[in-house]
Amino acid sequence: MANDFLFTSESVSEGHPDKVADQISDAILDAIFKQDPKSRVAAETLCNTGLVVLAGEITTNAHVDYIQVARDTLKRIGYDNTEYGIDYKGCAVLVAYDKQSNDIAQGVDHASDDHLNTGAGDQGLMFGYACNETPELMPAPIYYAHRLVERQAQLRKDGRLPFLRPDAKSQITMHYVDGKPHSIDTVVLSSQHSPEMSNGLTMKPAFIEAVMEDIIKPVCPKEWLTADTKYLINPTGRFVVGGPQGDCGLTGRKIIVDTYGGACPHGGGAFSGKDPSKVDRSAAYAARYVAKNIVAAGLARQCQIQVAYAIGVAKPMNVTVYTEGTGVIPDDKIAELVHELFDLRPKGIIQMLDLLRPIYEKTAAYGHFGREEPEFTWERTDKAQALRAAAGL
């Protein structure tokens with residue numbers, strides 16, 4: 001990639017229909033894990049006007065009121081009024097879960113008497129990434145796109161901007177100079193709102209001003225906002241119909257929002273609703289953990305990790321390190337250190353990151369990476385010093 005360029009990432013709020021589905025799926029997973037952390041869960045959700053459908057495969061000894069979990073999640077997000085197209089109190093919730101296939105279970109549960117050699121729950125490839133663009137070691141565009149919609153929800157919920165409604169989308173276009181963030185070229189923020197904030201199809205100035213002054217300016221670093229920065233606030237105008245009424249929401253349709261905003265490749269597997277025996281989720285978390293520790297250790301300014309698995313096999317097919325020329329030692333040497341210091345077998349990952357806990361609903365909006373909450377164990381940099389020592393730095 002050229003040293004001077006524009007790069008864009010987007011995020012969506014917790015009230016976006018696809019994120020509603022993700023949060024319900026992960027709320028189901030958490031409710032099950034509170035009772036039975038050994039459960040196998042693949043919980044999918046569809047949400048539309050007045051309707052939630054729960055389907056997938058679950059094998060558990062837990063007894064969970066799935067319908068109530070779905071309603072509670074809608075309530076927490078803010079879908080508490082029929083005017084919003086779905087109301088937690090009166091919407092229909094259909095449940096259609098099966099058990100995990102025995103053919104899959106035999107490869108996952110009985111691959112070896114040694115539990116650390118339990119096989120991966122599926123084949124696939126996963127990526128992790130870190131860079132030094134932000135203190136959280138995340139790419140700047142996706143990080144600040146998340147913070148915009150997160151603040152939109154905060155101001156909506158605490159009543160400071162009561163005319164906001166749950167659905168929202170953000171987008172940041174960053175101008176890079178010499179390969180580093182230099183300024184924000186464009187900010188896009190579209191927020192669902194109550195009807196009185198528009199004149200026909202045009203937004204009222206009070207809405208534009210509130211979004212600018214109370215959401216965009218407090219979030220975006222002042223030094224990156226210039227006289228040339230463009231602001232597009234509800235650029236199509238009126239946005240009253242939104243959420244599951246505006247679009248059908250499905251689990252797993254925001255995988256780039258969930259990860260790095262397009263700054264690195266994606267293996268294609270979604271996260272939400274999946275227990276950590278599914279390497280789509282757990283190995284992607286582990287790859288982030290590895291990449292973040294490499295950057296935190298000063299071994300590279302940016303780092304991409306690829307891992308791949310075969311179903312029923314514990315050892316990864318490959319662990320590949322790519323630092324895009326920013327490494328202080330060769331990439332293959334960093335890969336050797338990764339093999340020495342990180343156990344990337346599925347059970348090793350689960351132990352290393354303590355993943356058999358009800359921690360997942362919080363991950364399902366505003367990004368799985370680049371957050372400092374204690375539950376996000378894959379964001380720790382506790383291996384950085386060991387990496388530096390092993391590298392001789």
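Keep in mind that glycine also has a Cβ here, set from the backbone N, Cα and C atoms.
For the L-methionine site, Swiss-Prot gives Glu57, Asp247, Lys278; the one candidate out of Gln23, Gln100, Gln192 that the record lists there too is Gln100.
Sequence-distant contacts of Asp247 (ATP binding site), defined as residues of its own chain at least six apart whose C-beta falls under 8 angstroms from its C-beta, comprise Pro17, Asp18.
Put simply, Glu44 (K(+) binding site) is 22 Å from Ala168 (ATP binding site) when counted between their Cα atoms. Using Glu44 (K(+) binding site) as the reference Cα, a 10 A cut-off selects Lys274 from the binding-site residues His16, Lys254, Lys274. Around the Cβ of Arg238 (ATP binding site), 16 further Cβ atoms fall within 10 Å across all displayed protein chains. Predicted-model confidence for the region 'Flexible loop' (100-110) is 63, expressed as mean pLDDT. DSSP assigns Lys254 (ATP binding site) to coil in the three-state reduction, placing it in neither a helix nor a strand.
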